[in-house]
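The structure appears right after this line, and notes come after that.
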């Protein structure tokens, strides 16, 4: 799952950079930033050297995502919204939330720390890529996306608190994240803005 | 004082996000980012796990600030410029500068490091919130705001160098920061741009 | 070389902030951010306290760059594109890439980690300064600039793998970075965007 996530995230980041007419290095950097900035932040928060800097395989998967984005940009105009991309991205979201929650839990942070690090691991890369593209991170005002990571991280903490058998929290976190994300994509679920809530109220 | 600061900072961040029509999660994230990003950066710079990830109470205070912003947004259009907000924010600025200076001083960094970490702790969250809102950090071109933290941090270092009784540096830092900020608000003090200096020169 | 780099980077950052009409503190912060954010990120990635926070001399050199930018802004309108600035900046780029590669290599990261940390050390400050100025980092779509650091870092790794005599990798890295950058400036080399490649293809 982590493998799919790395490729999907790098692919989405690079596709956005291509549309902004960044040069080849810019495309590579935005793709790698989207794939690795979340995990690097997670590792910094628990004060260890980012895993991606030590594992050539992980970086290789990111570069594969970048290459795919360049290759497919000839055929597709917005490959990051293709159904297959959305599915791969949802799997990556679930994998990254779960990894983040596990790392946080091992570092002994509080319940809210587990949710925070799970979410940062999952959406931090995408947020950083958007900052590089000079926009507000899309997770803050569009889509039911980071919310899935928040839900998954919360479920991780609840299950981890009560669980008997090991590993159940990780499975529950991954399932909740990916299922809520699929539901959100299928039914076009979004979180409301306060302005929208007020219009409903009137 | 730190308590007031956390609530005030989260409140200001969330209020800005509401005005940008971010969704409920975006409002929460920007509020928490404003309250905690400065402290997290401070902790990363002295290589320790951010305190906020270990203390549920701190995050609770941040969430209280977010809830206040949502509640008051019904009544006020720009609650972050309300006099009470400015006072609470100034107290937070002083509290955060002082905490940052203490942590830096314990980590054994240089004099300029103390000023830098005090200032980053105080204004880093606000700067990061502005980046999330896709603007230049307001502290860089508006107001006499970060300057108060720079002054407070400098005073901390001077007093700490000469002090006999413990704790005096912290008190002096907090007082200088909050007083200069109150003076700046009352008399509308701003630092000049070079362009403004040149116009005066002609 | 590192000395020249610190002054040049702070000078370029401050000059950009002056043109954006930031106030005096903003000019200082953007200049220091450009000089030190890359190195601070490098140190965070290998989990140690940033050197700049411990060395008053380094910060002093940064402040000298800021002061130069303020002084020269009276005479020149775009001092950051002056030939002398470009030369000093290229030397800084080479010095920072080399320092980053050495630190990464000592921290025992992978080959790609060496290239990544060398590049981040060299161009991270400039990228962060551009984010503070609310633009996309220029390194992502303009110029053959970060590419020189990527080439230099790669050469460092190759030479370090085969070298017999110590220090050869550092020399090779610095020479490759500075020479490719000079060539890029002289002949106006840029990396193509995919859009440009396609226009050539038709």
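Yeah, the Cβs are placed from backbone N, Cα and C, and that goes for glycine too.
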Transmembrane segment range according to TrEMBL, out of A:111-132, A:133-154: A:111-132
Recorded stretch that, among A:27-45, A:57-78, A:84-104, has the most CB pairs under 8 Å to the transmembrane segment (A:111-132): A:27-45
DSSP residue counts for the domain 'Glycine transporter' (A:87-159), split into helix, strand and coil: 59 helix, 0 strand, 14 coil
Same-chain residue ranges lying at least 6 outside the transmembrane segment (A:57-78) that approach it to Cβ under 8 Å: 3, 6-15, 18-19, 24, 27-28, 31-32, 35-36, 51
Helix, strand and coil counts within the domain 'Glycine transporter' (A:2-72) (DSSP): 60 helix, 1 strand, 10 coil
Within the predicted model, mean pLDDT of the domain 'Glycine transporter' (A:2-72): 89
